[in-house]
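Here's the structure we're looking at; comments come further down.
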Amino acid sequence: MRTHYCGQINAELAGQEVTLCGWVNKRRDLGGLIFIDLRDREGLLQVVFDPDQKALFETANSLRQEFCVRLSGKVNRRPESQVNKNMATGEVELLATDLEIFSRSEPLPIDFNQQVSEEARLRYRYLDLRRPQMNEKLQFRAKVTSAVRRFFDDNGFLDIETPMLTRATPEGARDYLVPSRTHKGRFFALPQSPQLFKQLLMMSGFDRYYQIVKCFRDEDLRADRQPEFTQIDIETSFMSAEQVMEITEQMARDLFKQLLDVDLGEFPSMTWHEAMRRFGSDKPDLRNPLELVDVADVLKDVEFKVFSGPANDEEGRVAAIRLPGQAENVSRKMIDEYTQFVGIYGAKGLAWIKVNDRSAGREGLQSPVLKFLPDEVIEPLLERMQAETGDVLFFGSDKSHVVAEALGALRLKLGKDFELVSNEWKPLWVVDFPMFEVADDGSLAALHHPFTAPVNVTPEELKANPAAAISNAYDMVLNGVELGGGSVRIHENAMQQAVFEVLGIEKDEAQEKFGFLLEALKYGTPPHAGLAFGLDRLVMLMVGASSIRDVIAFPKTTTAACVLTDAPGAANPAALQELGVKSIVKEDE
């Protein structure tokens with residue numbers, strides 16, 4: 001139907017006849033001529049219609065925005081005065097000789113020249129995706145997946161599919177359940193990840209596996225979450241954690257170099273404890289220069305219980321952030337707003353000190369908490385914070401996890417508000433995570449998943465002191481975004497049983513849910529390790545989008561609905577009866 005894409009037309013084709021297909025992006029009449037900008041996935045091209053060709057000109061006169069057409073004509077150089085340097089094809093235009101209208105368009109229900117709500121964009125997604133900026137994002141995504149496949153194919157990995165219909169596993173979120181018609185009363189679950197199947201593939205001898213795979217989680221949504229998302233899934237046998245990190249880091253470096261011409265360099269490594277201590281986050285944005293500094297030892301003997309209480313509590317922490325040179329710009333109103341902000345993360349308040357004159361000691365400071373601080377702690381505190389004239393110090397004092405979350409979030413907000421974040425790429429590995437975390441009910445939960453191997457402990461030692469166990473896990477972080485997470489897996493039956501026991505999973509329950517895995521672990525399981533990247537999140541970061549919905553063709557809303565197709569919808573009663581399922585929700589609920 002066509003010989004070229006619009007975006008391929010350039011001065012080298014001047015004088016040639018070409019045929020193009022696409023949509024009318026814009027139409028204008030000027031000096032007795034009709035001009036249109038023809039658009040396809042590769043770009044725009046100006047087309048001109050000569051009034052001397054009466055039949056063609058009459059047809060062109062009926063063209064309106066978003067008509068879908070085929071055009072043939074001769075490529076001409078534009079006069080120098082008419083060259084449009086804002087268009088990639090701005091040196092040339094097409095003098096039309098033939099026009100076929102494939103289909104006409106009614107007036108568009110949305111005007112993309114104005115601010116359009118996200119719901120409207122999703123409702124008319126097929127129109128939204130015609131916009132060049134959306135088209136470019138999805139084309140970029142396609143380039144990412146192609147580059148990923150090439151990399152793993154070239155490195156001896158096998159692309160193997162795993163089941164979409166499986167059984168529920170405890171991976172931290174609710175499952176999407178699929179009722180079985182042939183096994184009434186029983187349900188499949190859509191996979192939250194291919195975790196267990198890829199481990200079984202290692203046990204089957206496929207020592208290098210990868211898959212670009214859909215995963216499903218029924219959870220509350222945020223800007224970087226979707227109920228269905230795409231994962232770059234990797235698993236290897238006979239490779240150490242360091243080797244897995246090395247090959248996946250190389251993949252990331254190659255990807256950024258090929259597609260963005262960005263050299264990420266070697267990734268530094270940081271322990272989880274260091275990340276939480278310095279940045280209040282296990283996915284720190286290293287572009288932000290602000291850090292959390294511990295000051296509990298300086299303030300542990302003051303009479304002010306807000307500081308001394310947590311400073312003398314084994315589970316407490318007192319830390320501060322130094323905001324350099326902004327004392328004059330930080331108003332009391334801003335401090336009140338920051339106090340409310342940290343309250344979202346559980347902080348009971350936000351103490352602060354302005355350093356108006358570092359050389360004047362106490363007299364050069366401004367703060368409502370100064371009256372509670374004796375002279376002997378002032379200088380050590382300022383030295384610890386490396387405070388200088390014009391700085392503002394913000395304090396967090398509470399349980400360690402509250403201080404980390406509150407000051408970690410404040411660090412990011414201060415970095416954004418005062419434009420401290422550099423415009424560069426800052427990758428790192430976060431390693432040595434705790435094996436377990438304390439759940440809301442006081443029980444232990446796996447920080448990653450229950451198939452992650454601990455570092456250098458026996459099953460007996462793990463059960464005796466699970467809180468001290470370190471997992472052999474690693475997360476790849478870039479600019480504050482977790483690109484991927486992985487770990488060395490448990491490959492011994494006794495250790496897997498021990499982890500289940502620590503997690504409070506009884507033997508009968510473990511057998512019911514994971515009997516196939518425990519059985520497989522009896523028959524010569526190789527040491528294995530892997531990692532999974534969130535493809536949507538990776539592309540979002542690379543193209544600079546604010547939400548993964550901008551890099552998914554047909555995403556769901558924040559309520560996990562598709563406004564385009566009006567899904568989820570009510571099921572046919574006959575289909576429910578055949579499945580042995582009864583709806584207890586009324587139609588209007």
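Including glycine, each Cβ sits where the backbone N, Cα and C put it.
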119-122, 195-198, 519-522 - the range that Swiss-Prot marks as region 'Aspartate': 195-198
Of Glu161, Glu274, Glu482, Glu492, residue recorded by Swiss-Prot at the ATP site of Arg217, Asp218, Glu219, Gln226, Gly534, Leu535, Asp536, Arg537: Glu482
Coarse DSSP state, helix versus strand versus coil, of Glu219 (ATP binding site): coil
Residue among binding-site residues Arg217, His448, Arg489 with Cα closest to the Cα of Arg537 (ATP binding site): Arg217
Glu219 (ATP binding site) and Arg489 (L-aspartate binding site), distance between Cα atoms, whole Å: 25
Protein Cβ atoms within 10 Å of Arg489 (L-aspartate binding site), excluding its own: 24
Protein Cβ atoms within 10 Å of Glu482 (ATP binding site), excluding its own: 17
Tally of residues which DSSP labels helix, strand or coil - the region 'Aspartate' (195-198): 4 helix, 0 strand, 0 coil
